[in-house]
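**Q** Questions regarding the structure given below will be posed in turn.
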Ligand SMILES: [Mn+2]
């Protein structure tokens, strides 16, 4: 075991700096953390997403930060990534775990860095965003998923993976009209899910809306503008099953989903416009024997970081322009 490893033989995600012990984000631009949590299991054939953070880190060892297809960008020339390790969830104690996730996330949001969570089931997204609203920010959410995840509960568990967006509809600091359920499709959704979204005032962009739009990049802008209306920041939450099962063959069998090109392009274009943080959830290493969804996590994070680099450069440029303008008006 080396000090560089996050634990055991598991490396930091994409070669990030290990900040799991001191939690010090000085000199770090973006922070990765894991939420090895699986709550209520809604369908027994797919279980084990608490293994997600570990397997995503193991798979990430294969990749650099170089993306020839994005103007030959080398992400780690621009970004220092820090790996903060995993949240110490408490198996079988949902309330304590939600509380711990919220606490951990609070410190992350206070750091002001670009925050990336690796799930875990989708239930983790609620306490992460709840912590963000507790900082006083009004939040919009771009939710990329085949499913609404907005049912009131799973049996008695109101923090189950099918319910985070119902909890977020009820959350004071989230603007429901700025929740954009994007890529929704397929009969694993229940009829009440669409009705719940509508009643809450949330926006639905189905897979057919995406497929039939002439320009994917323009659509990403439109989605972002909707999410950004009348809020302080936009959060991005991605469930692996928004991908078609042809592109996510170890995941749940959701047909008519996004291609990997479509998902990565949406992530890149959305992050170019500025998101405060994101998560990627619901990979199932026990069912996905080649770890394909876990490998793809590296792609998603790299495309998000590529977008964040452009966003940062644009912000720096505009603040320089403002300074020049102020200087010109004072002399
Ligand atoms: Mn889903």
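From the backbone N, Cα and C atoms, a Cβ is placed for every residue, glycine too.
Since we're looking at a predicted model, the values are computed, not measured.
Sharing the features that TrEMBL gives for it:
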BINDING   122, 145, 147, 149, 239, 241  Mn(2+) binding site
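Map these features onto the structure and tell me what's around them.
**A** When Cβ atoms from all protein chains are considered, those within 10 Å of residue 147 (Mn(2+) binding site) total 26, not counting its own. According to DSSP, residue 147 (Mn(2+) binding site) sits in a coil region rather than a helix or strand.
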**Q** For the recorded Mn(2+) site formed by 122, 145, 147, 149, 239, 241, name the remaining residues of the chain with Cβ within 8 Å of the site's Cβ center, in chain order.
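**A** Everything else in range on the chain: 143, 146, 148, 161, 242, 281, 282.
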**Q** Quick check on the binding-site residues: of 145, 149, 241, whose CB has the lowest count of neighbouring CB atoms inside 10 Å?
**A** 145
**Q** Count the Cβ atoms, other than its own, that fall within 10 Å of the Cβ of residue 239 (Mn(2+) binding site), considering every protein chain shown.
**A** 26
**Q** Could you tally the C-beta atoms, other than its own, that fall within 10 angstroms of the C-beta of residue 122 (Mn(2+) binding site)?
**A** 27
